[in-house]
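See structure below.
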Amino acid sequence: MRRRRRFPWLSYLLVGVGAVVTVVPFLDMLLTSFKGAGEYGRLPYRFLPEAFELSNYREAFVRLDLPLLFRNSVVATAVITGSVLLTSSLAGYALAKLRFPGRDLIFRLVLATMMFPPFVFFIPHFLILVHWPLAGGNGLLGDGGAGLTVSLAALVMPFLVSGFGIFLMRQFIVSVPDEMLEAARIDGAGEFTVWWRIVVPQTKPVAVTLALLTFVSAWNEYIWALLVSTANPRLMTLPVGIQTLQSYLDPNRMVPVMMAGLMLSVLPVLLLFLLLQKYYIRGVMLSGLK
Amino acid sequence: MATTVGSADEDGGGGRGSTDAALCGDEDGGREGVRAAGSRARAAAHRRRRRQTVVAYLFLTPSLFFFAVFLVLPLLFAVLLSLSRWAGFDLADIRPVGTDNFAALFARGSSFLTPVLSNTLLYALGTVVLALSGAVLVAHCITNLRFQGLWRTLYFLPIVTTVVAVGNVWKYMYEPGGLVNGVLNALGLRSAAFLQDPATALPSIVVVQAWASLGSAILVLTAGLKAIPRSYYEAAELDGAGQFTVFARITLPLLRPSLLFVCVTQFITGLQSFALIIVMTGEGGPGDATNVAALEMYQRAFKYGDWGSASAAALVLFVLILVITLVQLWLFRRKGEDA
């Protein structure tokens, strides 16, 4: 952008200071994770650790069942991302390219789903999972057992379909030329084949965007995971598990261990974001939210 | 002829099918042929439409099932619960109590209006003011700099980070031995008990929420800035307008749609958020100093098992957000008429 630049230094100063404020907490998390026993909390405050110790990472592995936490986080994130991609693509294709009675009504319903704040659903979702029929020892009417709260299903169920995902896919699929679909149909392809062979390959860029947005929010989900793991500790995910560290008595000892655990939970997403940021940023621009 | 009707069959669009048939009829030169082909094509188109309806609903089944079970049913359930007293897990124990739960929320001496709802509004408002003013400045200044993508990426980091990380890092930075107090001490100032002092606890968390939402606000505003025609700036330059005049008279007014959008979405996000507060203060303390409506709902339900009043609190907040969303839509529509 060619503009009058009378005060470029002012811009550099402002943006630079802001960037430091944004990045420093991450650096503090990283550096604190290397601080030795008794070093955190000592006054005066020192930004850098005296020696880079790995003992906090070892301690995190001892205190937490990290393999279980990782497994739960990975499985839940993978299932949610896969399901959102699949259902959004199928529904998006139907809403964009097929003609059927009720289409406009369903599309409006999909738009409306984006308006409901998630906290309205915490209580009913929890109760629905507890009373899910014929699961976890429940009878046909959903009584008697623990329902789906005994299984990993509890972590993923409320997130398997995304109204925003359907909307995003539909908007993109509308622009796939009708002639391509027609050509396939004339060759005798059914609608499922048309979707799989023509539409899915055409929608790859938007699928990457949607996958990344879904991955990040599923990996970082906290409140719902906290709820279901309160009912069943075997369902703890990384964020929930690491948060349990704070209940240990000596905070000055525990803080560096916690930062080590947080580094482990944050790194996968940060790396993925740095690799694929252009898709993520496009998604945020498209959704305008978050 | 057969092939043409066949292609009409594949076509499915009723209108186009009959046009094809009519064209064939003209080639045949007989009206009988037109009518026969037309009705055959119509029947085929009808069959095809019906097949497409079945396929479409098959494609939509997973999503519709999901919306029925996890959206419609829960909404009805939430309304039912808000009108009942229920403390257990046995569905047979639900006792209808009318609007008692709502009355209790707004009763004299209830903490729901103050400080819980007032905290909620202050939290949302504070976040919006901080994030929006910061984002306007940064987004505007970034356009003067090199490596714009790099800057935006830096500002974006908090958004892809779990609230547990954001909350804990800041919580410990606010502690006596943490970074923020370290900086204060280095400047010769006394340490502050940011999260332990009822006067500073809420503002301290507002800062973190604003810090975390700066990146997406910058992104939306950048898109808005890029949409402003360069010729406006060139004209202003010819007229000899200073940088601040240009910013106040051209940039800000033309950025109004993006500003409004960020403002309203951030405000709604602020009204809903409570995960950060849970992570940083546990229960909205000290006292009720950082308690907000969504957290109050969460605690009533999952700590005290009072599903009825928790659902009532959730619905009150929901209605508040709905009203604000409608005002937003109204504002956007008015803006559209202006432009």
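Each Cβ is built from the backbone N, Cα and C atoms, and glycine gets one as well.
Caution: TrEMBL annotation is automatic and unverified by curators.
Annotated domain 'ABC transmembrane type-1' per TrEMBL: B:117-328, in sequence order.
Annotation comment: TrEMBL describes B:1-35 as region 'Disordered'.
If you look up TrEMBL, you'll see B:54-81 (among others) marked as transmembrane segment.
The transmembrane segment annotation in TrEMBL covers B:121-142 (among others).
The transmembrane segment annotation in TrEMBL covers B:154-174 (among others).
Sequence annotations record features per position, and here TrEMBL assigns transmembrane segment to B:201-225 (among others). A Cβ distance under 8 Å defines the sequence-distant neighbours of the transmembrane segment (B:201-225), meaning residues of its chain 6+ beyond its ends; these are 119, 122-123, 126-127, 130-132, 134-136, 138-140, 142-143, 152, 155-159, 161, 166-167, 170, 174, 194-195, 251, 254-255, 257-259, 261-262, 266, 269-270, 273, 276-277, 280-281, 285-286, 289-290.
Note on the transmembrane segment (B:259-280): residues 120-121, 123-128, 131-132, 135-136, 163-164, 166-168, 170-171, 195, 205, 208-209, 212-213, 217, 220-221, 224, 252, 290-295, 298, 317, 320-321, 324-325, 328, 331-332, 335 of its chain, located 6 or more positions outside it, place their CB under 8 angstroms from a CB of the stretch. Look at TrEMBL and you will find B:259-280 (among others) tagged as transmembrane segment.
The transmembrane segment feature in TrEMBL is assigned to B:307-332 (among others).
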Quiz item: When you scan the chain for residues with a C-beta under 8 Å from the transmembrane segment (B:154-174), skipping those not six or more beyond its ends, what do you find?
Solution: 138, 180-181, 194-195, 204, 208, 211-216, 218-219, 275-276, 278-280
